[in-house]
Amino acid sequence: MGPAARLAALLAVLAFRAGDPAEVAARGDTFSALTSVARALAPERRLLGLLRRYLRGEEARLRDLTRFYHKVLSLHEDSATPVSNPLLAFTLIKRLQSDWKNVVHSLEASENIRALKDGYERVEQDLPAFEDLEGAARALMRLQDVYMLNVKGLARGVFQRVTGSAVTDLYSPRRLFSLTGDDCFQVGKVAYDMGDYYHAIPWLEEAVSLFRGSYGEWKTEDEASLEDALDHLAFAYFQAGNVLCALNLSREFLLYSPDNKRVARNVLKYEKLLAESPNQAVAETVMQRPNVPHLQTRDTYEGLCQTLGSQPTHYRIPSLYCSYETSSSPYLLLQPVRKEVIHLEPYVVLYHDFVSDAEAQTIRGLAEPWLQRSVVASGEKQLPVEYRISKSAWLKDTVDPVLVTLDHRIAALTGLDVQPPYAEYLQVVNYGIGGHYEPHFDHATSPSSPLYRMNSGNRVATFMIYLSSVEAGGATAFIYGNFSVPVVKNAALFWWNLHRSGEGDGDTLHAACPVLVGDKWVANKWIHEYGQEFRRPCSSRPED
């Protein structure tokens with residue numbers, strides 16, 4: 001019951017108590033005698049008491065709404081508050097999907113509040129869906145795993161890798177942005193609902209800790225409470241085999257909600273289990289991270305993502321070098337490109353400053369209105385999957401002169417025909433919160449792949465341009481080559497996907513590491529076999 005409804009109910013009770021027939025009959029002539037006027041002071045004092053309680057409740061509610069207003073306003077006024085920070089991005093989605101809804105629907109239907117509700121309902125369809133909140137929560141878990149981040153540190157806004165007793169700062173934000181108990185609860189609950197107690201427990205533990213520290217403080221936007229966090233954490237521990245923790249948390253729950261029969265029954269069940277198996281009280285619960293069936297190279301992949309600049313150097317391998325490249329092309333004679341040979345097997349080259357800031361911005365601007373969830377080939381179909389989180393758009397070279405210039409530059413450097421149907425249109429990709437693409441090949445590995453629909457053979461080469469910089473993460477990791485290339489703004493990576501025999505090069509298995517902090521954009525130009533017969537002649541030797 002809201003403040004206005006409570007006031008109405010209290011006034012109704014007061015009217016009922018003052019409803020003696022004799023008093024009712026005399027109300028119309030109170031003014032006729034001073035003694036009657038004096039008697040009217042008593043009920044007014046009661047009304048004042050009721051109004052005082054109502055105003056105190058309203059003041060508390062308005063103070064809380066003012067707190068929420070200034071909290072959100074400060075984020076919008078601070079120009080140094082980027083959504084490239086995954087914690088800020090998660091809380092933005094949570095605010096729009098959950099917090100604002102709780103704030104708006106907690107208010108009473110007075111005229112000004114009705115206008116607020118109507119305005120909220122008009123924009124509601126444009127707000128993130130619950131699935132977005134789930135996706136953002138899974139992204140935080142992904143970053144937690146790949147970069148070995150400490151949940152307690154994340155809750156404080158700190159990006160730290162914890163290995164044993166060693167703590168490494170991976171990124172130092174200009175402004176710390178901490179998570180609330182409700183934020184941590186939402187992340188933990190997403191894992192909890194998936195039966196993933198490995199991730200659920202540390203997030204729910206942090207939620208419990210934060211809720212304990214602020215117990216009794218009412219926040220309009222919160223969806224969860226200390227009791228919710230204790231309840232979920234207790235069951236998560238029970239499912240993980242730690243009955244003692246489940247029992248202690250359930251007992252704590254009953255301190256705040258002693259009438260909850262379900263939790264009371266759980267306490268009896270846990271006590272019985274411990275009585276029957278005393279060893280469970282001292283046994284340590286070893287939590288194992290959920291296995292990813294399709295990712296057999298997880299440890300190598302994550303190790304490369306954690307190691308910035310893990311490619312070999314010229315000092316260790318003399319055959320790696322840097323040069324100014326013209327590829328004997330008149331187009332590049334007066335403007336050679338800075339070339340860095342990153343690796344030999346597979347052959348991977350990085351071309352520095354391949355595009356200008358203006359060109360990169362133009363390409364991003366052309367693609368942005370057309371971005372859609374990225375898909376991968378699955379048999380003859382193309383489907384969105386959890387192991388590729390990004391949006392992409394395809395741009396024809398006729399869209400803008402910048403794309404024509406780009407094609408000429410790629411052709412001059414590679415010596416390949418990049419015009420359709422011998423190459424695909426430019427694919428522009430923007431990675432989301434914790435955006436990544438787990439280990440994969442660019443070339444088709446199945447005859448039924450949709451790549452063959454172009455009737456121009458397989459993808460012989462990849463030309464990938466970094467259209468932005470990132471503050472942390474996002475490297476391109478070559479799994480079997482055992483090296484990674486960090487994001488270098490405006491640079492381009494080139495590698496061959498196929499041997500000259502037409503067989504796929506297994507060493508080109510690569511991945512886009514999750515973006516830890518930043519807004520990662522890349523552009524891919526995939527060049528096919530057909531049309532390259534005289535530009536890259538075939539060979540029967542497997543090593544070519």
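Counting starts with 1 at the first residue shown.
Glycine is no exception: its Cβ is also placed from the backbone N, Cα and C atoms.
The following features are taken from Swiss-Prot:
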BINDING   Lys520  2-oxoglutarate binding site
DOMAIN    422-529  domain 'Fe2OG dioxygenase'
CARBOHYD  Asn248  N-linked glycosylation site
CARBOHYD  Asn482  N-linked glycosylation site
REPEAT    227-260  repeat 'TPR'
SIGNAL    1-19  signal peptide
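Reported as a whole number, the C-alpha separation between Asn248 (N-linked glycosylation site) and the residue listed as '2-oxoglutarate binding site' equals 45 Å. Distance noted between the C-alpha atoms of Lys520 (2-oxoglutarate binding site) and Asn482 (N-linked glycosylation site) is 23 Å. For Lys520 (2-oxoglutarate binding site), the Cβ neighbour count at a 10 Å cut-off comes to 24, with all displayed protein chains included. In the three-state DSSP scheme, Asn248 (N-linked glycosylation site) falls into the helix class.
The number of other CB atoms found within 10 A of the CB of Asn482 (N-linked glycosylation site), across every protein chain shown, is 15. Across the domain 'Fe2OG dioxygenase' (422-529), DSSP assigns 8 helix, 56 strand, 44 coil.
Counting Cβ atoms from all protein chains shown, Asn248 (N-linked glycosylation site) has 16 others lying within 10 Å of its own Cβ.
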